[in-house]
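Presented below is the structure to which this report refers.
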Amino acid sequence: MQSNTQNWTQVTEFVMVGFAGVQESRLLFFILFLIMYLFTVVENLAIILVVGLDRRLRRPMYFFLTHLSCLEIWYTTVTVPKMLSGFLGVDGGKNISYAGCLSQLFIFTFLGATECFLLAAMAYDRYVAICMPLRYGALVSWGTCIRLAAACWLVGFLTPILPIYLMSQLTFCGPNVIDHFFCDASPLLALACSDVSLKETTDFLVSLAVLLASSSVIAVSYGNIVWTLLHIRSAAERRKAFSTCVAHLTVVSLFYGTLFFMYVRTKVASSINFNKVVSVFYSIVTPMLNPLIYSLRNKEVKGALGRAFSLKAWKVQ
């Protein structure tokens, strides 16, 4: 630690407590989270591989799905390996440098915001496919898809710049123990020695802007989809059209439900243990469930997975 001009000691390293209450069962939790992490990586890689190899899936909806799968791999990789090293109790396993902590928070926020915008882009794709099928090829061309995906990643990258800059301007003079399993904004603010009101307000407004902008696109898209479906006379056609949206709608419900709870808040003080549980859900459980939802609820993905991993298909190749 180094002295600053106000006779405080500037923290240069943080210690992440993680799940301190499960020390006796830490090996069990290590194995559980390791399996979940590996399962998440394998599932999402399988989705990327299958969409890339199967020509029948080379459509806009699956183009966005590969971006989502790629994002999910990085989303969990940002936090889970560090958490696993903490469970093992290796030297420095729970320690993270000041710069490393801010970097982890930046990347995690960047990927979370990007996921919001990708889910909105996927909702727009479903809206055009169901409500304007004759104009689908013109409105959702490959050029449009590439521009939409690039915009999602760019805006997602820009989202955490101001919040992280304001975080870097705060003074952390001790203690340096983060009561969480990764460098999230709320437990970090609880450790700041300087005024955090501007930072809290900025976090709230940025989070609210991202969530409202992306969720509004999703809500308007599905509102139009429902309106269109209600005017389809054939029940079979309605079910067929809606079936293409079920997987996406399920993923949106899981992701946005936890995000609205966690981040649209202005208070630092809250139930830390409950926040950890919710954080595990949206940072580990949801990325693991998303590929399962898309593969089990989508006949085309399920069929492509079956073809890709069948012995017969390999023999033919």
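A Cβ is built for glycine as well, from the same backbone N, Cα and C atoms used for every other residue.
Annotated features in TrEMBL:
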DOMAIN    43-294  domain 'G-protein coupled receptors family 1 profile'
TRANSMEM  27-50  transmembrane segment
TRANSMEM  62-84  transmembrane segment
TRANSMEM  96-124  transmembrane segment
TRANSMEM  145-166  transmembrane segment
TRANSMEM  204-230  transmembrane segment
TRANSMEM  242-264  transmembrane segment
TRANSMEM  276-296  transmembrane segment
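Against the transmembrane segment (96-124), the recorded stretches 27-50, 62-84, 145-166, 242-264, 276-296 differ in Cβ pairs under 8 Å, and the greatest number is found for 145-166.
Within the same chain, residues 19, 57, 65-66, 69-70, 72-73, 76-77, 80-81, 83-84, 87-88, 284-285, 287-288, 290-292, 294-295, 301, 304-305, 308 sit at least 6 positions outside the transmembrane segment (27-50) and bring their C-beta atoms closer than 8 Å to a C-beta of that stretch. Most Cβ pairs under 8 Å to the transmembrane segment (62-84), among the stretches 145-166, 204-230, 242-264, 276-296, belong to 276-296.
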